[in-house]
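TrEMBL annotations:
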{"type": "TRANSMEM", "residues": "7-30", "note": "transmembrane segment"}
{"type": "TRANSMEM", "residues": "50-67", "note": "transmembrane segment"}
{"type": "TRANSMEM", "residues": "88-108", "note": "transmembrane segment"}
{"type": "TRANSMEM", "residues": "143-161", "note": "transmembrane segment"}
{"type": "TRANSMEM", "residues": "181-200", "note": "transmembrane segment"}
{"type": "TRANSMEM", "residues": "220-238", "note": "transmembrane segment"}
{"type": "TRANSMEM", "residues": "259-278", "note": "transmembrane segment"}
{"type": "TRANSMEM", "residues": "284-309", "note": "transmembrane segment"}
{"type": "TRANSMEM", "residues": "321-343", "note": "transmembrane segment"}
{"type": "TRANSMEM", "residues": "365-393", "note": "transmembrane segment"}
Amino acid sequence: MDLKNNLLLTLYTIIIGVMTGLIIWCFIHAMNFGIHFLWDYLPGLINFKYYTIVMCLIGGLLIGLWKNKYGDSPEELNHVIKKVKKDYRYSYSNIFPSIVSSLLPLIFGASVGPEAGLTGIIAGLYTWIGDKLRIFNEELEELTHIGITATLGTIFASPIFGFVEPIENEDGKLPKTSKNIFYFVAILSSFGIFIFLNHLTHNHVGLHSIGTATLSNLNYLAIILLIILGILLSYVYFISHKLSKTIFKSLDGNFIAKGLVGGLILGIMGTLLPLTMFSGEEQIYLLLGCGAQLGAVVLILTSLIKILLTNVCIETGLKGGHFFPLIFSGTAMGFALSIILNIDPVISMSVVTTSFLASILKKPIAVVLLLMIIFPMNLIPLMLVSAVIACLFKTPKFLDV
């Protein structure tokens, strides 16, 4: 392309990145408004013992009815990424119903994150824009993939994670050097407008640091134990993932029944262990304030149930992403183990969460880039070691879904 077209394409990428950040910001704030209304405002007016169960059942019913009319969306994040890698595009024919399908589970307290729904929405938007900008057909063949990187980088407040996560695998290839600039232009413009809007409205949404830690007098035996326990926790995820798919397969196609079953399970678990509800993003910081009072047993149960509940929600139609709930599960287990082993909770949480996520994703660099937003920078070497060790353990074939 000549200089004029290069500049024009860069301008388009900036505009699209800004649109991405704006959509993500609006989506997150619509979600938070709905959560505040259903779970803070209404309970103040209605004093009802079984409010959580009833509200989750209503949510499950509404989600089932909506899916019955508009189809089963959103898709899981890995499915979206695979489709985009294969076809360089993602369907946008049902994009507006997908927005509602993505918001409803989050508002009604499902144990899922916003990243799956948002990635599908943005991927569809970028595909539509790519179809319209046919003058740049060859140059924009990866536009939808660029949209995914911008979305992930913004949601998780880590632009480099957004670039690395979709490509860090056995056969992953870096985009052509000439196109790297468009990836980073889109990511930075999306992330920049998201941060600007948060600053403008005096809001602080997204992941942020949980505190500091010191590496002096590090207990290496405890670290090894934490890595092993993080890896074992990943097997809880694999087992619950497979069991959930098997158990709820008989309800495939019956969206209303699945929604009601998922809502009932969510409501019961949320009544018994409230921290198992929602994406887990905000609950991480609640955990820091009340974790010691809850005690190790409750934290361990919360971590395990959170993993199970996330898979149950997804398989019963209360769909969303895995990332935020799994990060919360890792931090809850890490906090519990810090109480048992009498070690620094931040170190314990970082090692357990890193080894847990790395064992599941098999992407050590992406995991560390994601978690360095939460944990202090001086723990990065320890987290890298934990991630690499965890990735050495292959997932048993019988647990593959």
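Quick reminder: no glycine exception, Cβ is built from N, Cα and C everywhere.
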Do the transmembrane segment (181-200) and the transmembrane segment (7-30) share at least 3 Cβ pairs under 8 Å, sequence separation 6 or more?
yes
Take the transmembrane segment (365-393) and find every residue of the same chain, 6 or more past its ends, with a Cβ under 8 Å from one of its Cβ atoms.
156-158, 160-161, 164-165, 168, 207-215, 223, 226-227, 230-231, 234, 284, 323, 327, 331, 346-347, 349-351, 353-359
Ranked first among 7-30, 50-67, 88-108, 143-161, 220-238 for CB pairs under 8 angstroms with the transmembrane segment (284-309):
220-238
Are there 3 or more C-beta pairs under 8 Å linking the transmembrane segment (143-161) with the transmembrane segment (7-30), counting only pairs at least 6 apart in sequence?
yes
Sequence-remote partners of the transmembrane segment (50-67) [C-beta within less than 8 Å, at least six residues beyond its ends]:
38-39, 42-43, 73, 97, 100-101, 104-105, 107-110, 255-264, 266-268, 270-271, 274, 277, 316-318
